[in-house]
């Protein structure tokens, strides 16, 4: 019976307590008994109670953290934009207060005169000319706000009065009376008159051009402006490339990185190149180049301009070319002549890639075909330095399959390499009619892949000179037959 047992235990405890109080038992035993009773009377925490209290503490901490994060996010989303909106509206009101517009008749009169007059100049320090987006108003500094405030705040083209005819005639007489080709004076005048001036070619559509004959053509790739002059004392042809306009876009951004190469044909060893102008379709070069040539030889020479789009990671794209001949019909030497020429689109078939000279020799008894790569000339420049690192690769082909291939050594930094290297293939007489040779002039690139400058073929399946050269080799066995071959684009 649990109740009788508890009562019995309770009586025993009372008896022991009385004995301890009377001193009938030892003091140490009584102290142990008292401590034991005190421990039994003290409440004990159970394990489930401890786990519940810890869980409550963790949940409380997480709740406080989430509450703090929600307060921070709400402050960022609500308070900060509201404050910025208030500041922006205040500044906008302040900016709109000083705007003063003239009468309607005055505005209409000014708008009608915008396309007839050049613009009013502003200080150099207070403006930044944009060649790519002419419709955006110019940004001024605080020092130039008084002079250019109207041009900044009102998106309308303001022009300056045109110079009088008397001034133009005086300037023309001064230029014609001076036989010297003063480049610095031309550049200084262009800088003074070009600041803040609206360029008409940026605003005109390609179907509407001025009276200078600059009409767009379906195959034209813009126009090139240059100046020609002949120096009789030094016997030099002076060429100044001024600018190009309306070039086609070659990059994904809608712009190009143009530069110009110049040759005085038929000499390709003397080559000049302008600087690369980044991200523009209307580059201004203003560079002068000299070509030593006798005056009597000008009639037989041709001035060749090639406009390229610079590409840092791949082959440069040819935009177009300009060829100038019959100098005496175009220019009144020794006086300077300003010319505008259309940049003509050039297909791959018309690109001059250079020429390769090699000889062919076949020994029927030994069944040995020898091709000797002699030299190349006027190769196309593939590097940014204006040169190439060419080598020649020869492949023995049969029914479209390459049987063997050989290559020459690489000549560094040249467009006119000399090889004099022989390459031998074993070809039996019964197979000589089924094979042909594919010759490729390559540009060695240390970093990327090697690029093909041009190719040519010889054999029964070749065209024109390639077939004739092969037939001549078979007609004269054991005799080297050499010819120059023009390089073509790889198809």
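Backbone N, Cα and C atoms are what each Cβ position is placed from, and that goes for glycine too.
These numbers come from a predicted model, not from an experiment.
Checking the candidates 177, 207, 431 against Swiss-Prot, the annotation phosphoserine falls on 177. Range with Swiss-Prot annotation region 'Disordered', chosen from 91-147, 262-318, is 91-147.
Swiss-Prot assigns the feature transmembrane segment to one of the listed ranges (32-52, 53-73, 179-199), namely 53-73.
The DSSP secondary structure for residue 317 (Ca(2+) 3 binding site) is strand. Non-local neighbourhood of residue 317 (Ca(2+) 3 binding site): 250, 308, 309, 311, each in the same chain, at least six residues away, with C-beta under 8 Å from its C-beta. DSSP classifies residue 311 (Ca(2+) 3 binding site) as coil under the three-state reduction. Broken down by DSSP into helix, strand and coil, the domain 'C2 1' (220-341) contains 10 helix, 67 strand, 45 coil.
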